[in-house]
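Shown next, in structure tokens, is the structure this report addresses.
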Amino acid sequence: MDIELKFFDSDTMNRTTYDKLSEWNNELIQHYIINDVILGIYLILGTSGNAVVVLVYAFRMNKKKDDRYFIPFLAVVDLLACVCRSSLELAMNFNPVRFQGSVLCKAVWFPTNVTAIASIFLLLVIAIQRYLKVCRPFGQQMTLTCKRFSLIVCIFVAVSVSAPLIVFNDEIEVINPETNVTGYVCDTDVKSHYGQGFLAYIIFASACSLILMVALTILNICIGRTIFKQFRAKHRRKSCNNVISRHKVSVCAQSDLLNVDPDVSLSDTETSFKPQKNSSQGAQNNSQTNINSSTESDTQNRSTMSFSHRYSIMFMAIGVAFIISYSPRLILLFITLHDPKFFGKISQTNLTILSVIREMNVVNNVVNPFIYGFFDHTFRKETRKICFKVN
């Protein structure tokens, strides 16, 4: 009888602990509703947008365009990064203190880190390509072999940088002092791994992030400065061509008037002037033909230049979006390094706001399709065709 009583009491105690943990978990879930809605929007927009980019640029557009080479690869990486990051954040928000399993934690964090880092380094490769094309047009350019090799390097670097995080990301126990219940969180275990190795890695990762941001900023400034100079030179050349064409027409008209003999009668003047008028007309036609051919050549050059400039500005916008989306997360990283207990000191409302800010890095993977649509009219046209076919 005593044995049965003890068994019943133990079962009751276990159920009570589980119930307390569930109540604590459900209470915390309520604070992340706004985050979940935002992450759901990220997931839908990022998945559908990047899928359309891969479909359009890889299968429906001219593959010979050098400017578009990296776009399908960047879209694939952004698609995977958006799915991995948004899904992981949603899973952690729905299980804020019930994310159990060390192996599971490491398994879900690794692809999330690899895809995010690969996307960042691929942006740097694209910025270098645009710099060579715009600022060094007569210098050595990226060959097809070089582009393929750079893609392999991006993946290799992303895997290498993410590998140490397999050790640092782990199941973390958190205790509720009010109910004396132990919960489980999947994140970087700073407390257990805090030491020289962990600090060295964090400093290395932070330095790499800063160097990438500075490099992207410098390259984009150089590209923008060169494009501005070329636009200004093109505007001046266009103004000069207009002045020269008006001057030619004026000179032809004056020479016709000077060839008229003042001693002849009006009728003779009209008669003698007609052939000269015809020759004048022929000269004007020849002049106009030369101007037209020159204009057509200039128009073709401007079209080629405009295409290249449009893609350069497009990738500049993508680089700026990366810097804006990752800067808040980098600032939070420096704050937590200075004060590891920072998140434990703030209120739940502020923690929710900071969670939204921390998840802003997903914007880097979501916004690119919209930037493509804004700058590339061919992409917009092909996207409309696909949408009409689906409808």
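Residue numbers in this text run from 1 along the chain shown.
From the backbone N, Cα and C atoms, a Cβ is placed for every residue, glycine too.
Curation plays no part in TrEMBL annotations; they are all automatic predictions.
Listed features, source TrEMBL:
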COMPBIAS  268-283  compositional bias 'Polar residues'
COMPBIAS  284-297  compositional bias 'Low complexity'
DOMAIN    49-372  domain 'G-protein coupled receptors family 1 profile'
REGION    268-301  region 'Disordered'
TRANSMEM  37-57  transmembrane segment
TRANSMEM  69-88  transmembrane segment
TRANSMEM  108-128  transmembrane segment
TRANSMEM  149-168  transmembrane segment
TRANSMEM  198-228  transmembrane segment
TRANSMEM  311-335  transmembrane segment
Arithmetic mean of per-residue pLDDT over the domain 'G-protein coupled receptors family 1 profile' (49-372): 77
Annotated stretches the transmembrane segment (311-335) and the transmembrane segment (108-128) touching (3 or more Cβ pairs under 8 Å): yes
Sequence-remote partners of the transmembrane segment (37-57) [C-beta within less than 8 Å, at least six residues beyond its ends]: 68, 71-72, 75-76, 78-79, 82-83, 86-87, 89-90, 93, 356, 359, 362-363, 365-366, 368-370, 372, 379, 382-383, 386
Beyond the flanks of the transmembrane segment (108-128) by 6 or more, those residues with Cβ under 8 Å of it: 70, 73-74, 77-78, 80-81, 84-85, 88, 91, 142, 150-151, 153-155, 157-159, 161-162, 165-166, 169, 186, 209, 212, 215-216, 219-220, 223, 315, 318-319, 322, 326, 361, 364-365
